Amino acid sequence: MATQDELKRIAAEKAVEFVPENEYIGIGTGSTINFFIEALGKSGKKIKGAVSTSKKSSELLAKYEIPEVSLNEVMGLAVYIDGADEVNHALQMIKGGGGAHLNEKIVASASDKFVCIADESKYVSRLGKFPLPVEVVENARSLVSRKLLAMGGQPELRVGYTTFYGNQIVDVHGLNIDQALKMEDEINKITGVLENGIFARDAADVLVLGTAEGAKVILPCQD
């Protein structure tokens, strides 16, 4: 039986096929992306450059001699490759377990295509089992937490963690996310919230899923 890391690697290696040569691309953050950067580096594909969303991803890009560029240096990105903590059949996601979801949304929104890569355990019928990360301004944390409690969630401060932008993260447990787009917007309207980890407005265009039977390419279900 394949391990979770083996399934992640299967998805990551398949995703290299979605990277066009001589273009700029976006690179996400997380363990599956680490496998993807390795696979891209070993593939021999030549790209103009990659926009990274985290220090760890930047370190791996440098290791495999993949040129890194700033988003401010380019007009757009051909494709954005990233993992997910959960992804549903509409290819809406919860992301941000690594705390980089604000950067990830910025880069995703600048890309022509979003390819999500994940192992099969991340593919779910309903979002919400994984805690939803919400990036907040520090002095609004209690206010935001009360609002999230009123929405049916159980907010918990991610102790000892500060985001790239110097903010805090509240992880919200127990949310029933049936209407992901609506909840994404409602949470972002709370004063003091910078961004939350629901990716419904920036849902993936393609999911590459690592399974025991190999890589599966899945398009969003419109039901």
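Yeah, the Cβs are placed from backbone N, Cα and C, and that goes for glycine too.
Going by TrEMBL, these are the annotated features:
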- Thr29, Gly30, Ser31, Thr32, Asp82, Gly83, Ala84, Asp85, Lys95, Gly96, Gly97, Gly98, Lys122: substrate binding site (BINDING)
- Glu104: active site, proton acceptor (ACT_SITE)
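Secondary structure at Lys122 (substrate binding site), taken from DSSP and collapsed to helix, strand or coil, is helix. Lys95 (substrate binding site) falls outside any helix or strand according to DSSP and counts as coil.
If you measure from the Cα atom of Ser31 (substrate binding site) to that of Glu104 (active site, proton acceptor), you get 15 Å. If you measure from the Cα atom of Lys122 (substrate binding site) to that of the residue listed as 'active site, proton acceptor', you get 18 Å. Lys95 (substrate binding site) sits 9 Å from Glu104 (active site, proton acceptor), counting Cα to Cα. Those same-chain residues not listed among Thr29, Gly30, Ser31, Thr32, Asp82, Gly83, Ala84, Asp85, Lys95, Gly96, Gly97, Gly98, Lys122 yet with C-beta within 8 angstroms of the centroid of the substrate site C-beta atoms are Gly28, Ile33, Ala118. Spacing of Gly97 (substrate binding site) relative to the residue listed as 'active site, proton acceptor' is 12 Å (Cα to Cα, whole number). The DSSP secondary structure for Asp82 (substrate binding site) is strand. Look at the Cβ of each of the binding-site residues Lys95, Lys122 and count the other Cβ atoms within 10 Å; the largest number goes with Lys95. Farthest C-alpha pair in the substrate-binding residues Thr29, Gly30, Ser31, Thr32, Asp82, Gly83, Ala84, Asp85, Lys95, Gly96, Gly97, Gly98, Lys122: 15 Å apart.
Here the Cα atom of Asp82 (substrate binding site) is found 8 Å from that of Glu104 (active site, proton acceptor).
Under DSSP, Thr29 (substrate binding site) is assigned to coil, being neither helix nor strand in the three-state scheme.
Of all Cβ atoms in the protein chains displayed, 31 besides its own lie within 10 Å of the Cβ of Asp82 (substrate binding site). In the structure shown, across all protein chains, Thr29 is the one of the binding-site residues Thr29, Ser31 with the greatest number of other Cβ atoms within 10 Å.
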